[in-house]
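*Asks:* Pulled from TrEMBL, these are the listed features:
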- 21-40: transmembrane segment (TRANSMEM)
- 21-430: domain 'Major facilitator superfamily (MFS) profile' (DOMAIN)
- 60-81: transmembrane segment (TRANSMEM)
- 88-104: transmembrane segment (TRANSMEM)
- 110-132: transmembrane segment (TRANSMEM)
- 144-168: transmembrane segment (TRANSMEM)
- 174-194: transmembrane segment (TRANSMEM)
- 231-256: transmembrane segment (TRANSMEM)
- 262-286: transmembrane segment (TRANSMEM)
- 298-315: transmembrane segment (TRANSMEM)
- 321-343: transmembrane segment (TRANSMEM)
- 364-381: transmembrane segment (TRANSMEM)
- 409-426: transmembrane segment (TRANSMEM)
- 443-462: compositional bias 'Polar residues' (COMPBIAS)
- 443-476: region 'Disordered' (REGION)
Amino acid sequence: IQQIGSGFRLGTCVHGRGRASVTHAVVVIFLEFFAWGLLTTPMLTVLHETFPQHTFLMNGLVQGVKGFLSFLSAPLIGALSDIWGRKSFLLMTVFFTCAPIPFMRISPWWYFALISVSGIFAVTFSVIFAYVADITAEDERSTAYGLVSATFAASLVTSPAIGAYLSAQYGDSLVVLVATVIAVADIAFVFFVVPESLPDKMRLTSWGFPISWEQADPFASLRRVGKDTTVLLICVTVFLSYLPEAGQYSSFFLYLRQVIEFSPAAIAAFIAMVGILSIVAQTLLLSVLMRTIGNKNTVLLGLGFQLFQLAWYGFGSEPWMMWAAGTVAAMSSITFPAVSALVSHSAAPDQQGVVQGMITGIRGLCNGLGPALYGFIFYLFDVELNDMEPAAGRPSQSTEKSVIPGPPFLFGACAVVFALLVAIFIPEHHQLAEVKTCSAHKSGTSSTAHAQNSSPLGTPTNDAEDIEPLLQNSSM
């Protein structure tokens, strides 16, 4: 990390106690998701004990409420961080995202309630992207976003395995304690070590600037989708492909544990395998494919991998099938980086923030709808949990004689089929039509700030000597 982070000297910014760098962002992301990764095994136990009836449905509703609240709050938090700086909002998002962790042992009901409500502030990635954009030059930003993305995957490679081991040896209480200590360390790191990334003159020129409803409206980017055919095709493709991905992420480990009968150690190993392969796919494989077959064909290939993976999850009933499908799932992780690159190459330089904001808005909406939809489909097909620890060699009651063990995954495969059909019509070389914002009449910092506020991935700028803020050729 130090070697890679040292490459971003042009984008660093000196404030307060030290020099803002990509390394700060990487450490914050790693600690936050490492703490949550430790809780993978204890969370499955607490979830089933708290909601013994309709566990999948309740899990979907909890995660769905959290995702939808994040979708609603992300534009407002991004807009406010443009005015008051990144550090204060980074501290706020990390604190409220990690706040539910100790309540897993104190009160499970409060734990799930806080998880749902924490979605209002659980937008750490949005603030981190803005932080990185503040301190990196345009030609370095793609690599910086890739580093943050790889750090997220790396944090989940080892933490579930460590959590499963500690849970088996010492009990869930110790795992929750360790996760709480790491979360507190992350908050302390943000408060004492992380410097402000937004230059003072940018914040001073924006101070007191009114936050309009258009800037804070999460549906603003969605209403602009239909103004360009290419944007519409890309957004429909993202919606149809990310909806099953968001639902899968919220329920898949519970599905492995209760329906396919994976042990906690097997789940941890599965996460590690998929995480490592995803890092390889998003770095080495993605760069080779982009150079050889192009953006659009890389998107189509990624969707093909996702279709194959979801169909295998839907019809598979044996553990080896899940392992094989997990390998394909790692390969499908190239889809969204390829979509972001396709958008970045097609959009005009002054439209990058707006168009990327549309894609981010679609994904945020899916984070709310996907988990709830998967939980509801599990409920419709009567896929319920029975015993927390099924007897060895005895098939689960919910999967016995079932032709389709995982109905939601098959539904997701159907959605990806439509995404493939839509993606075929996306032109690979096309200049997107200019998308005007309601504040286009404002000049200087005001208009640029509005473009940022449409997507928390950018940051306002004033003159040529400042770092170019808009998201360019994002590897995310």
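Cβ coordinates come from backbone N, Cα and C, glycine included.
Bear in mind that TrEMBL entries carry predicted annotations, made automatically and left uncurated.
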*Asks:* Which listed range (60-81, 88-104, 110-132, 262-286, 409-426) shows the maximal number of Cβ pairs under 8 Å with respect to the transmembrane segment (144-168)?
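*Replies:* Looking only at 60-81, 88-104, 110-132, 262-286, 409-426, the most contacts with the transmembrane segment (144-168) come from 262-286.
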*Asks:* Quick one: find which recorded stretch in 21-40, 88-104, 174-194, 321-343, 364-381 has the most Cβ pairs under 8 Å with the transmembrane segment (60-81).
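*Replies:* Of the candidates 21-40, 88-104, 174-194, 321-343, 364-381, 364-381 scores highest.
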*Asks:* Before we move on, state whether the transmembrane segment (21-40) and the transmembrane segment (110-132) share at least 3 Cβ pairs under 8 Å, counting only pairs 6 or more apart in sequence.
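*Replies:* With 3 or more qualifying Cβ pairs, these stretches touch.
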*Asks:* With the transmembrane segment (298-315) as the reference, find which of 88-104, 110-132, 262-286, 321-343 contributes the most Cβ pairs under 8 Å.
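*Replies:* That would be 321-343.
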*Asks:* For the transmembrane segment (231-256), which stretch among 110-132, 262-286, 321-343, 364-381 has the most Cβ pairs under 8 A?
*Replies:* 364-381
*Asks:* Going along the chain, which residues at least six beyond the ends of the transmembrane segment (364-381) come within the CB cut-off of under 8 Å?
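*Replies:* For the transmembrane segment (364-381), the sequence-distant neighbours (Cβ-Cβ under 8 Å, at least 6 residues beyond its ends) are 54, 56-71, 74, 218, 222, 238-239, 242-251, 404, 407-408, 411.
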*Asks:* Quickly jot the same-chain residues contacting the transmembrane segment (409-426) by Cβ under 8 Å, restricted to those at least six beyond its ends, or write none.
*Replies:* 230, 233-234, 236-237, 240-241, 243-245, 247-248, 296, 299-300, 303-304, 306-307, 310-311, 313-315, 342, 373, 377
*Asks:* Hey, which bits of the same chain come close to the transmembrane segment (174-194), Cβ under 8 Å, at least six residues off its ends?
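*Replies:* Contacts of the transmembrane segment (174-194) (Cβ under 8 Å, skipping residues fewer than 6 from its ends): 17-18, 20, 24, 27-28, 31-32, 34-36, 38-39, 41-42, 87, 90-91, 94-95, 98, 101-102, 104-105, 163, 166-167.
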*Asks:* Are there residues at least 6 beyond the ends of the transmembrane segment (262-286) whose Cβ is under 8 Å from a Cβ of it, and what are they?
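*Replies:* Long-range Cβ neighbours of the transmembrane segment (262-286): 37, 40-41, 44, 146, 149-150, 153-154, 156-158, 160-165, 167-168, 253, 256, 298, 319, 322-323, 326-327, 329-331, 333-334, 337-338, 475.
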*Asks:* Tell me, what is the mean pLDDT of the domain 'Major facilitator superfamily (MFS) profile' (21-430)?
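*Replies:* Averaging the confidence scores along the domain 'Major facilitator superfamily (MFS) profile' (21-430) gives 80.
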